[in-house]
């Protein structure tokens, strides 16, 4: 029997509902419960796949190929349970399903309305996503009072009534601002937010109050009195320097105990030793390294959320503080590569579009010629191929068909546009296994024996997640291999290049997949850990080229 804990937000957005939900989920998991997390997004887009990173931040890709909200990344990093397309639903996806059913005649000619048809679809999606776990934590995006959120709030209100308090609970996240000029905290925004929620028919059981300063006991009692919530269930969520402290912070305030008690559950105590170790290492690093991340969304670091966290996870494994130096790729086109000087490693992440491309290519060249550890992810791998083709293989006008419609040397092309060994363009249609769509989700990859990537993973076959439309053009494989580029990873069928590396370089890897999506703070990821060890060696002046002949 699944129990549901619904998380709503008030006053302002971006208070950290996702991290709060994920933190509570990992505590409940540590107490022996099976847990899943679901995100309901009120926007009308079907998914965030076509949204600008400036609008939405990173698009998080699940193993089954869903393009989802970045909060699902927090879910997987905190809770050792995989998520899928069933863990993220948008208004667009809900309406798409309702309209499809109406066209099929499923509603028997009835008038299709928000209540009951849309709300019933929302409830169906929530229950389908819960999938027989002990507890489903369901986060409703946006802020109470937003018109877009109303159908979702009505749906969870109905679930609370239908399933009862023994199976449903409501947690509301609010802001308790500190007014510096007055020198005091203000509880009115929280009071009014809860009043708005209660007007919809939802009485929260727990309040999590974001605050920059400790909330005095008197203010806590006032909040409890005016919101009809038990004083002990008014939880202070203070600003912390490290989000991985939050599970322990919430546990110390008894949040998991309140949840278990309200549901009448007798659970073993939580073992949070793993989280304590993570926080201890991050608080007491043995050194620090600087990684230059070259991209075009550097003004909004949420666009690289999983990548930022993966580097920090590698810092935990190597006991280093990772300083990420964000470098605007367009600035490299104007000012040269001076912004990369002093970096211990260089990373070019995935991305789309032509803006800043030449700057990224210059960053690849700088890393190659300066023998600085380089990791290119997705687009970063493709640009490493282009740079090498231009400057080492004699293909001066090498480019990708993503940026130039008819380049003289299309070393990178659409998955549907391939050159045969005879140099003829082969057009694949939608009947092909990859079709004309983006390659998404977990895909198997074979690693060549004796290569650096093979040593990094310690295995011959891996599965990593993808999100791309373009791939290396096999017509140029022999030319680039003769020039010294190693092709060390392949798709399962051997048709697509997944990994390239430079044998004569201390550490230079480009991968078509996104390893950041499978990195977690407690387990890390072998590729990022190896990348950081190479950065440490470069910093300390002990870097040596990987000898393929000895492996």
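Glycine too: its Cβ is placed from the backbone N, Cα and C atoms.
Under the heading region 'Amidoligase domain', Swiss-Prot lists 1-265, citing sequence analysis as support.
The Cβ of residue 186 (UTP binding site) lies under 8 Å from the Cβ of 176, 177, 178, 179, each of these being in the same chain and 6 or more residues away along the sequence. Annotated UTP binding site per Swiss-Prot: 13, 186, 187, 188, 189, 190, 191, 222, in sequence order.
Swiss-Prot lists 13, 146, 147, 148, 186, 187, 188, 189, 190, 191, 222 with the feature CTP binding site, giving sequence analysis as the kind of evidence.
Look at Swiss-Prot and you will find 14, 15, 16, 17, 18, 19, 71 tagged as ATP binding site, backed by sequence analysis. In the shown protein chains, 25 other C-beta atoms lie within 10 A of the C-beta of residue 17 (ATP binding site).
Marked as Mg(2+) binding site by Swiss-Prot on the basis of sequence analysis: 71, 139. Long-range C-beta contacts of residue 71 (ATP binding site), restricted to its own chain and to partners at least six residues apart, with a cutoff below 8 Å, comprise 17, 18, 21, 22, 39, 60, 139.
Summarising the annotation, Swiss-Prot assigns domain 'Glutamine amidotransferase type-1' to 290-541 and lists sequence analysis as the type of evidence. When pLDDT is averaged over the domain 'Glutamine amidotransferase type-1' (290-541), the result is 91.
For the recorded site, residue 402 (L-glutamine binding site), the DSSP three-state label reads coil. The Cβ of residue 402 (L-glutamine binding site) lies under 8 Å from the Cβ of 352, 354, 412, 414, 469, 470, each of which sits 6+ residues away along the same chain. The feature L-glutamine binding site is assigned by Swiss-Prot to 351, 379, 380, 381, 382, 402, 469.
Taking all protein chains in view, 21 other C-beta atoms sit within 10 angstroms of the C-beta of residue 378 (active site, nucleophile). Annotation source Swiss-Prot lists active site, nucleophile at 378.
The active site annotation in Swiss-Prot covers 514 (among others). Using a 10 Å Cβ-Cβ cutoff, residue 514 (active site) registers 22 neighbours.
Long-range neighbours of residue 516 (active site) (same chain, six or more residues apart, CB within less than 8 Å of its CB): 306, 307, 309, 310, 377, 525, 528. The active site feature in Swiss-Prot is assigned to 516 (among others); the stated evidence is sequence analysis.
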Exercise. In Å, rounded, how far does the Cα of residue 189 (UTP binding site) sit from the Cα of residue 19 (ATP binding site)?
Worked result: 21
Seminar exercise, completed: Excluding 351, 379, 380, 381, 382, 402, 469 themselves, the L-glutamine site's Cβ centre has within 8 Å the residues 350, 352, 378, 383, 400, 412, 468, 470
For this session: Work through the binding-site residues one by one (19, 188, 381) and name whichever has its CA nearest to the CA of residue 147 (CTP binding site).
Result: 188
Exercise. Residue 187 (UTP binding site) to residue 19 (ATP binding site): how many Å between their Cα atoms?
Worked result: 23
Seminar exercise, completed: Closest by Cα to residue 188 (UTP binding site), out of the binding-site residues 14, 15, 380, 382, is 15
